[in-house]
Amino acid sequence: MSTIWFYFDFSATFVGVGMICPHLINISLLVGGILSWGIMWPLIQDKKGHWYPADLSPSSLNGLKGYSLFIGIAMILGDGLYNFTKVLGHTLFGLYCKLTTKDPRSVLPVGTCSPTPNSSISYDDQRRTQLFLKDEIPTCFAVVGYVGIAIISSATLPHIFPPLKWYYIVVIYLCAPTLAFCNAYGCGLTDWSLAPTYGTLATFTIGAWAGSSHGGVLAGLAACGVMLNIVSTASDLMQDFKTGYMTMASPRSMFVSQVIGTAMGCVISPCVFWLFVKAFHDLGVPGSAYPGPYAAVARNMSILGVEGFSALPKHCLTLCYVFFIGAVVINAIRDAVGKDIAKYIPIPMAMAIPFYLGSYFAIDMCLGSLILFIWGKIDKAKADAFGPAVASGLICGEGIWTLPSSILALAGVQPPICMKFLARKTNAKVDAFLGS
């Protein structure tokens, strides 16, 4: 199992993403892949029959897959908790400065209160503020809209997900505004959205509240979706409003555009999902073209919240503690040593992804990073100017092919030739089988 995930799958998308992502991200992914699939999983696999039963299926969470998922989750939670604490600290400190400072330039243009005229504020900024506040969205409209959506969600979601009771949804909607404000303000300060972390918090809380005997796993996943949509929408919309403020666009027109886009997504997204389900029968299956790795992570987070540590394989909890603390320590070191040295230290969140997904995409992304690096050494000006365009072309080219590929799959058309790379031992077995 430890060898099949080390390969280059000729994915133009991942190569393009590697050209766009910083070199440190790509190196962190590769380091995580080598640490997990190159070192740890082979060592744990040698413990088969001692740490976990030898007759388990490869997909069993009580075997090697359980180690890969839960250790990766521990690193994600450690990184998320550290950054949540850091961003929350920045947020509270920023609010404290806003409330205590007397500098008129720090006055937020909120509601009907305009900033105090001051010669230190440029004419462009005064004009932007005037135009932005002219079409402000009434507070009563926001409150009525939020309460109305909460009522609709509380009435409809329990019919779609029976374990998610209406009072769970009410509690989520009562807590969400505070978390949404923290995420929006923190994202504005640090450019880091912690919406998945808040979603995980809802998964653990609601899943444990519901309990395993009352569908706690499904309730936790559904609660995560509700919280994630509220919190992420708040930060995304505030960033759009900031863009509208800078470009002197009307906030009402931007809000209406968001509503129209959301309404279109309610129709288009299910249709795209239906197309994938009908065209690719192995959708979501590990090892397929579309494995859906984060779905397994979210599900196992919900299982962990419902069943507790009893769901973990032998010694897995100890390893989770080690990697959780390791993620926090690495982040603390990165912040302590400064940016000049931190750019050489891997990022725990990026290292955790190959733990459960595999290292194949890390090889692709590192190849893209290597291409851009060599290009920059040869001609830095052209690499900076045309690198994003080349990466976008690789990503869009493979993405556009997905639609005709789905249509051909629906029509039952099979490719006339296939290409596959095997490990040396597996290839020897195939040759021996064909020779017989």
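Using N, Cα and C of the backbone, Cβ positions are placed for all residues, glycine too.
As the structure is a computational prediction, the values presented were derived from the model and not from experiment.
As stated in TrEMBL, the feature transmembrane segment covers range 192-210 out of the listed 192-210, 287-305, 401-419.
With a threshold of 8 Å between CB atoms, the same-chain residues lying at least 6 positions outside the transmembrane segment (216-234) that come near it are 153, 157, 160-161, 163-165, 168-169, 172-173, 176, 179-181, 183-184, 193, 195-196, 198-210, 298-299, 301-303, 305-306. Sequence-remote contacts of a segment are chain residues at least 6 beyond its ends whose Cβ falls under 8 Å from one of its Cβ atoms, and for the transmembrane segment (12-44) they are 1-2, 5-6, 51, 64, 67-68, 71-72, 343-344, 346-348, 350-355, 358-359, 361-369, 371-373, 387-388, 390-395, 397-399.
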